[in-house]
Each structure stands twice: as structure tokens, then as C-alpha cells.
Amino acid sequence: MTRGRVIQVMGPVVDVKFENGHLPAIYNALKIQHKARNENEVDIDLTLEVALHLGDDTVRTIAMASTDGLIRGMEVIDTGAPISVPVGEVTLGRVFNVLGEPIDLEGDIPADARRDPIHRPAPKFEELATEVEILETGIKVVDLLAPYIKGGKIGLFGGAGVGKTVLIQELIHNIAQEHGGISVFAGVGERTREGNDLYHEMKDSGVISKTAMVFGQMNEPPGARMRVALTGLTMAEYFRDEQGQDVLLFIDNIFRFTQAGSEVSALLGRMPSAVGYQPTLATEMGQLQERITSTAKGSTTSIQAIYVPADDYTDPAPATTFSHLDATTNLERNVAEMGIYPAVDPLASTSRALAPEIVGEEHYQVARKVQQTLQRYKELQDIIAILGMDELSDEDKLVVHRARRIQFFLSQNFHVAEQFTGQPGSYVPVKETVRGFKEILEGKYDHLPEDRFRLVGRIEEVVEKAKAMGVEV
């Protein structure tokens, strides 16, 4: 076990000098453990990660927790290995920090639990699955217009309070119930309150037993926020590679991962790049994103909440993320204001999987016709607002008539919201979704009142609601 000494502390960055020419490898974890000798000192149990070799037997490291109380001359021990975290069944239903230590007050992880290093190479080219397979979510608007790919990366855009968390919970619920799949949630640099709320909501909705949670929140040093996404990814990779599972990995928020890297970049002595970001931005993002993929054994599908600074989509942080995405789900406040939940914008959400060779010709044609109808309705709204419906041609009246039914039919009740709404949630298979929208486009339900289409699952539920109202079907 090699020992060194702290020679410089610059906020979250610590320089350590080793004796006898021994230098720990890049990414090795170093430990500083110090017992307070008087009331002016504090107990220190700190993990550092080696980032640079400076020469002269000195390394520059990033601290995974606060460096308060650290002084020059303190002893540092090289663990001889990278940070490693527990993986497997022991992680389910638990909450961890970046080092894989439980923070939910539910007891320690067994000492014999398997631990894997957080830095690992991406799967080799020959290990990747070549088939593109759709991940059925049971959420109509997603499955029809912006389908998710197994092993794909999905960007989730949305402001505060439009339903990102509820959508995430429903996806976790549906993957657990319908696919028996595991979910891993990585809270990266977001509010502690939101993490706490999410944990308790998951407990209440019963999906926590199929979920592992990892947090490195806003109040933590940049080292923790930089590495916590890798901790979550390592836990997800075990379920994919060792158990052949289809795993959902949620990262909230991927922008904070980049932000944390930029905070320490200048302190590490790197020359800033565009807008002050780290010069290694694309490399760091690539190392994370390339590990999220489908292999012959299983898949890791990632849903990443993306904050766009000052709504500037050309900012290097979101722009670098976009190049990795397979699909986007855009949540919009104006959709939520119409009482349509999930508040997904059907025209702004996209997916590279919406192609006839992947989803099939019928699904593709129905989805495109739905988008055309909604786009035409959007164009007509100004005319309707000024002149009213009577001034429209018969053809345009029919477009508006069907578009409103489509809009409402894109909504549905969620299982995880059942305790608030009192309405049972619905999981709609893709085939049923496509059939329902096809029949609406064909005019089969033009005679039914449009409010009957709101917050239902399959198209049969619309017919039943209309019958209950006394409408002749």
C-alpha cells in the first residue's frame, strides 16, 4: 500500500506527492482518513480520483466530497484500483451516493456483495446487437410518434412542472410490470428535494423494488456530480451483461454532468474551450454515451433529462448531447394547459425509429397522417381565433374535427398517478395504438363527442364512455 502526502488544495482539486517514484494510475481512488485531534479539527474520510500526472512524483486529483478541513502534509493512501460500487440484486430498492455507499438509512450493503469499477470500456463492436428493436412503453403518444429503441438514448426536454417526473415514473412502472425490467435512476446535480420526493413517490407507487437510485446532488462538489452518472451506468451494465435484462437508465440532468466537468477543468490546468467549457467535453460525453447500448445479451436504454441553458440549443453542452440521441420527447406547458397528459408535444418530438423498415409501413403511415392532421390544425388556429369555425371550408372543418379527437386521444391515465386522479392507469400495446388512430383518421368515430376521447387507453374505452352518455354508437 503506497502512501503520499497532500501538497496543495485548490477547492475540489488536490495535489498529492508520492515517495519512492511510485505513482498511482489515472482514475485510481486515493483515500484520506484523518481523526480530529482537537475541537478545531474535523474527522475526514475523503476519496480522491487521480486525474493527471504532473511529474516530480506528483498527481493531481479530484475530490469526491468536500475538502473542508484538509491541510498540507496529510497522509494519502493509494487503494490501487478505481472507485468501485456494489452491483446486482442488493442495489434494488436502495439509494446510493457516488461511491456506492447507501444513503437511505436502510442499513449497510453486505460486505461480500460484488463491486465493479465505474470506469470501464464500452462494449466491443462485435458484441453490439445489430437489429433495431422497438421498446414498447405502453404510452400512446410515445409509441406512435416518437418510439424508443432498445439500447437507444432519448432526450427528455421540459420546463418545471410539466410532468417529467411523472413520465419517468410511468416508464419505470411499465418496464417493471410489462417487461419485468430493471430501472436505474441517476440524479446528477439536481435538487435534493426533488430526489427525496421521487424516492417517496416511487415507494408509494410500488416501483422502488425494481429500481436502484444514485444521487450526486446540487450541493455536492463537482467531483461527485461528474462521476455519479458513471456509478448509475455501472449498476445498469451489470443487469444488462450478467442477467441479460433490458435496463432503463434515467439521468437527470445530463447537462449537470458537463457543468461539473467544466467547474474542475480550469483547476486541473486545462485551457478552456468554447463558452468556457472543458476542451475534453466531446470525449467525456462520448465515453459515457458509448457505454449505453444494446448488446447480444441485453440492452441499456437511457432517458436523459436535458436542461438547455438560456434556451440556447447551440450551446456546446446540449449540442454535444444531441449528436448522441436516437429520439426526443418534448414536454410543453401549452399542452399541459389544455389538460392533455402526458403533455408531450406531438409535432416537436422525434425519433429515428419512425421509419417504415423499423416500425412497419402501416404504423409509419398512420403516424405521418396524425402529424399532418395536427400540423394543419395548428395552421388553422389563427383563422379560427379571428373568423371562427364557420369561415372554414368543409375539408378544413373535418381536419379540425378529427385533429381535436386525435389531440385528446393522445392523452391517457397513468398507473403512478392513480392515487391522485382516482382513475386506473392504462398500458396500450403498439398494435392497439396504431389501430385506434387509424380508425379515427378514417372517420369511424366522427359522430362521438370529442370530450369522450380524453384520458382513455384503447379506442374501445371511448365507445364505452359514449354509450354511458347515451350516445348511439
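Each residue, glycine too, has its Cβ placed from N, Cα and C.
As given in Swiss-Prot:
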BINDING   Gly158, Gly159, Ala160, Gly161, Val162, Gly163, Lys164, Thr165  ATP binding site
Using DSSP with the three-state reduction, classify Lys164 (ATP binding site) as helix, strand or coil.
helix
Can you tell which of the binding-site residues (Gly158, Gly161, Gly163) has the fewest other C-beta atoms within 10 angstroms of its C-beta?
Gly161
Taking the recorded ATP site as Gly158, Gly159, Ala160, Gly161, Val162, Gly163, Lys164, Thr165, identify the other residues of that chain whose CB atom sits within 8 Å of the mean position of the site's CB atoms, giving them in sequence order.
Leu331, Ala343
By the DSSP assignment reduced to helix, strand and coil, which category contains Gly159 (ATP binding site)?
coil
Just checking, which of Ala160, Val162, Lys164 (binding-site residues) has the fewest C-beta atoms within 10 Å of its C-beta?
Ala160
Relative to the Cβ position of Gly159 (ATP binding site), how many further Cβ atoms are located within 10 Å?
12
Same-chain residues six or more away whose CB lies under 8 A from the CB of Thr165 (ATP binding site)?
Glu194, Asp197, Leu198, Glu201
